Structure formats: structure tokens, C-alpha cells
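In what follows, a structure is listed as C-alpha cells, so that the remarks can point back to it.
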Amino acid sequence: MSNNINSNEQFLKSEKNDGKEKVPTSRDSRVKVFAPATVANVVCGFDVLGFAVNEPGDEVEMQLTDTPGVIIKQITGDDGRLPLDAAKNTVSASVQHYLQHINRLDIGVEIKLHKKMPIGSGLGSSSASTVAGLFAINKLMGDLLTPTELVPFAMKGEELACGYGHADNVAPALLGGFVLVRSYDPLDVISLPTPAGMFAAIVYPEVDVPTKDARQMIRSKILLKDAVTQWGNVAGLVSGLFMNDFDLIGRSMKDVLVEPTRSILIPGFEDMRTIAMENGAIGFGISGSGPSVFSLTKDEETAQKITELQQQHLTNLNINSKAFVSSVNAEGPRVL
Ligand code: HSE
């Protein structure tokens with residue numbers, strides 16, 4: 001399924017913005033939404049591939065009011081790390097962009113954000129919050145835009161969070177399943193099939209790797225021979241998803257561009273790869289910009305075993321960790 005939007009900026013500034021008539025809100029003035037964590041890059045597809053998981057994820061409670069403006073009323077579960085300032089918080093800032101786009105800046109919105117997943121973990125933490133907020137406001141506006149049409153607004157949130165509006169977390173968080181960002185300009189987001197029975201085994205070593213810093217480490221120039229390897233793998237992974245071919249997916253989960261640099265920041269990375277591959281993983285790599293790592297498996301039992309052994313290894317290295325075992329989330333955000 002191709003979901004082409006002619007241009008991200010063009011969409012955000014489209015004619016709808018300038019319309020004088022007011023979009024009516026839905027009958028409900030309050031909603032609570034869950035949005036899922038995501039594994040971006042899927043090893044070989046830096047900035048262009050990602051998939052959503054069923055857990056963890058974030059929750060947003062949203063209430064419409066008569067006082068114009070978007071405010072963050074409460075944030076829980078963040079240990080005070082996220083900004084309450086509505087202009088700096090990715091949830092309120094993207095909701096504000098949305099309201100501007102639909103010409104409803106007269107509306108008041110109160111947001112409560114409940115962080116249910118670790119921040120700076122490489123699991124699309126800011127993306128889950130932003131997507132929950134956008135899904136909530138869109139619900140309250142009577143599902144005015146499609147999930148694909150919400151992607152550019154969510155990308156604005158990513159820009160605020162890490163300096164670049166990448167879509168490989170927000171697109172799968174909004175659409176569910178595996179997603180390919182075929183192009184950024186024009187934005188072209190493609191939903192890919194998920195092979196039945198596939199599980200993700202995620203381990204988060206509790207060390208700090210901010211996405212902004214992890215992006216700055218990457219070489220901006222690459223060798224043609226490395227590019228050839230990389231696009232062969234991206235095409236192989238996408239083909240494997242369509243063909244339900246776990247071996248092809250596994251063979252394609254190789255990254256010669258980004259992983260060699262970023263993996264240095266992740267304690268026990270090569271040992272965790274050995275553990276994953278010796279215990280039945282289809283493939284293994286860094287989740288997003290790290291420090292979380294993930295394995296894809298053919299069943300839940302294998303995923304459980306891999307996370308237990310990897311966590312044990314991190315404990316031996318005196319590193320605290322969290323683990324999540326989840327099937328691929330096919331639906332994206334949901335109303336709670
Ligand atoms: N594609 C992004 C990156 C994902 O690797 O920086 C960040 O979660």
C-alpha cells in the first residue's frame with residue numbers, strides 16, 4: 001500500500017490551512033490513547049524502515065476546553081526529564097501544528113502524558129508520545145485526517161526531539177506493522193506485510209545514548225561498494241517480508257554503514273549478537289539509534305530465551321537492563 005503525500009512541507013502548508021470554515025469536533029471532548037514503541041532502521045534501513053511492537057508504549061489523555069491553546073497539564077513516568085513548556089514538548093507542539101493546519105486554533109487542549117517506556121532507549125520514545133497525542137486530537141476532531149496524513153505532523157515532533165524529522169519511528173507507530181519510507185520528499189510511506197508468528201526480543205541496556213549524538217557519529221560520505229551492499233540488503237529484507245521468507249529476512253539484516261560505529265556505544269553488543277544467533281534468532285541489531293538491541297524470532301519462546309540470556313550477560317557486565325518480548329503490532333495506536 002503506497003501512501004504518497006506530495007511534499008511534507010507542502011502538506012503542512014496546504015490549502016486546508018487557509019480555509020475559513022471551521023472543522024467541527026467529534027461529540028467526545030475527552031479521549032485516552034495508547035501508541036506503540038517502534039524499532040527503527042531494522043538494521044539495514046537507516047531512516048527508511050521500522051516496525052511497531054505491542055509493548056511498551058505511551059499513553060496520552062486529552063481533554064478539549066473552551067480556553068484556546070494547547071497545554072501540558074501533567075507528565076508522569078518521566079522522572080522530570082520532559083519539558084512541560086508546550087512549545088518544547090513534542091506532543092503539544094505537534095498537536096499545535098495539527099490545529100493550525102485544520103484552522104482550529106480557537107480550541108483549548110489539555111494533555112496528560114503518561115510515559116510507560118524508557119526515554120532515550122532507541123525504542124521511539126518521543127515518537128510514541130507524539131503519535132499518541134496526534135491520534136488523540138485527530139479522534140476528537142472526528143478522524144479528520146488519515147493516519148498517513150498525520151505522519152508529517154509527527155515528523156515535526158521528531159525534529160524537535162532530535163534535530164531531524166525522521167519518519168522511521170512515527171510512520172510505523174501511526175500505521176502499525178512494518179513500514180518503508182520510500183522517499184522523504186515527496187513523502188512516500190509504504191506499509192509492508194508482517195510474516196505470521198514473528199516476535200521481537202528487545203533488550204534495553206540502561207546506558208545513555210541520545211539520538212541526537214548517535215546521529216552525529218555517522219559518516220556522511222560512504223563508499224559505493226558499501227552502498228551496494230546496503231541497498232541489496234534493504235531490498236532483500238523487503239522481499240523477505242513479502243515472501244514470508246525468514247531466512248532471506250535474516251540474511252538481509254546486515255548493516256555496513258551505521259552499526260559499526262554506533263555499536264561501540266552499546267556494552268556487550270557483539271556477545272549479545274552471538275547469544276541471539278546461537279539461540280535461534282532470525283537476525284539481530286541495534287533498535288533505532290540504540291542503546292536497545294533487538295532480535296527477530298519465529299516464536300515467543302525463542303524471543304523469551306534470547307532476552308533472558310542477553311540480560312544475564314549484561315548483569316555480568318554490571319549493566320542494568322529491561323527486556324520486552326512482543327509480537328509485531330499490526331494496528332498502530334488505539335483508544336483505551
Ligand atoms: N533512523 C533513526 C536513527 C531512528 O537511526 O537515528 C532513531 O530512533
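All positions are counted from 1 along the displayed chain.
For all residues, glycine too, the Cβ spot is worked out from N, Cα and C.
Lifted from TrEMBL, the feature list:
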- 1-28: region 'Disordered' (REGION)
- 1-11: compositional bias 'Polar residues' (COMPBIAS)
- 12-28: compositional bias 'Basic and acidic residues' (COMPBIAS)
- 89-177: domain 'GHMP kinase N-terminal' (DOMAIN)
- P118, I119, G120, S121, G122, L123, G124, S125, S126, S127, A128: ATP binding site (BINDING)
- 243-307: domain 'GHMP kinase C-terminal' (DOMAIN)
With every protein chain in view, how many other Cβ atoms are within 10 Å of the Cβ of S126 (ATP binding site)?
23
Mind giving me a neighbour count for A128 (ATP binding site)? Other Cβ atoms within 10 Å of its Cβ, every protein chain shown.
28
Enumerate the residues of the same chain, P118, I119, G120, S121, G122, L123, G124, S125, S126, S127, A128 excluded, that satisfy the criterion Cβ within 8 A of the mean position of the Cβ atoms of the recorded ATP site; list them in sequence order.
A37, M117, G288
For G120 (ATP binding site): intrachain residues, at least 6 apart, with Cβ closer than 8 Å
D208, V209, P210, T211
If you count, for each of the binding-site residues P118, G122, G124, the other Cβ atoms lying within 10 Å of its Cβ, which residue has the minimum?
P118
Can you count helix, strand and coil residues in the domain 'GHMP kinase C-terminal' (243-307) using DSSP?
33 helix, 9 strand, 23 coil
Should S126 (ATP binding site) be counted as helix, strand, or coil on the basis of DSSP?
helix
